[in-house]
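Have a look at the structure below, then the notes.
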Ligand SMILES: *[C@@H]1O[C@H](CO)[C@@H](O)[C@H](O)[C@H]1NC(C)=O
Ligand SMILES: *[C@@H]1O[C@H](CO)[C@@H](O)[C@H](O)[C@H]1NC(C)=O
């Protein structure tokens, strides 16, 4: 009697665990999860954190590059590692797009990927390495630390023209910007928080001079315009990325809400930066984020989780690249 009941219970458990197992597998195949590499690469997050820390102390700006990679990869057909693919003879990749001008330090992403490959070969996508290294880069710069869902797969498709068509130009306006962010289902405060990443990094003179010459953009702080003219002394800067101005003169290497205080004084490098303060739709959030760093961080993290999960490849789609710079 006892035995019989046991076996009924046991077989019920077996059936239950088959069902649970099936639904777990299905969930993993269908999407992303916080524990995606728990079995297949348990040291992953530690490896990336160590690598990002190591690289940060060699080249602090690389942490900013890692953060930028997230935006520039995910914006173009979802976070799929497409940004990392080098141009081939006769086929230009996203890195060749004018919209990605000045993006650099891609080699470090491949260094991180190589460390991961030696611990768990063929398992972790470059798309996820972009997300994890960007996330850790933001934390190294003093920004918020947050958990991310993983399990993205890498695309084999990449083209300069996709980046040209999708990434907003440097002189974008608030309407275009909000529409662009709306495509990712980001709210206005989330969009404002994401652009707060301009608290680090630099703007190249080729993207500044049209606000300085022949006449100074009236939405630019006059004192600040004089400084920018010193940084960019000629209306025709050289086409390489040598002349630039830091986005946040106060704390250029710290991920904080100083960006919002700057744009309230009309000291944003890009037209859009100041426009976010001048536009009544975005101004209340600029003012609130300028006052409240934890509101900025919390909204930024919300925005990142939406933005980084938009239209990703999962399951059997795409591939797991061996190195980030080329398809397998
Ligand atoms: C878009 O955002 C709204 C509000 O946050 C949410 O209810 C909706 O499910 C989201 N839609 C998609 C497709 O993610
Ligand atoms: C422009 O910058 C100066 C110097 O930093 C500052 O004192 C002034 O308030 C700013 N102007 C505006 C309109 O915010």
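From the backbone N, Cα and C atoms, a Cβ is placed for every residue, glycine too.
No curator has checked TrEMBL annotations; they are predicted automatically.
Site annotation for Ca(2+) 1 in TrEMBL covers 73, 76, 78, 80, 82, and the matching candidate from 94, 98 is 94. TrEMBL names 248, 251, 256 as Ca(2+) 2 ligands; from the candidate set 199, 203, 308, 314, the record adds 199 to that same site. Residue pair residue 78 (Ca(2+) 1 binding site) / residue 72 (active site, proton acceptor) shows a Cα separation of 10 Å. The binding-site residues close to residue 74 (disulfide bond), defined as a CA atom within 10 A of its CA, are 80, 82 out of 80, 82, 199, 248, 256. According to DSSP, residue 324 (disulfide bond) sits in a coil region rather than a helix or strand. Following the DSSP three-state reduction, the secondary structure of residue 168 (substrate binding site) is coil.
Taking the mean position of the Cβ atoms of 73, 76, 78, 80, 82, 94 as the Ca(2+) 1 site, the remaining same-chain residues with a Cβ inside 8 Å of that point are 72, 74, 75, 77, 79, 81, 83, 127, 155, 158, 162. Taken residue by residue with DSSP, residue 76 (Ca(2+) 1 binding site) is part of neither helix nor strand, so it is coil.
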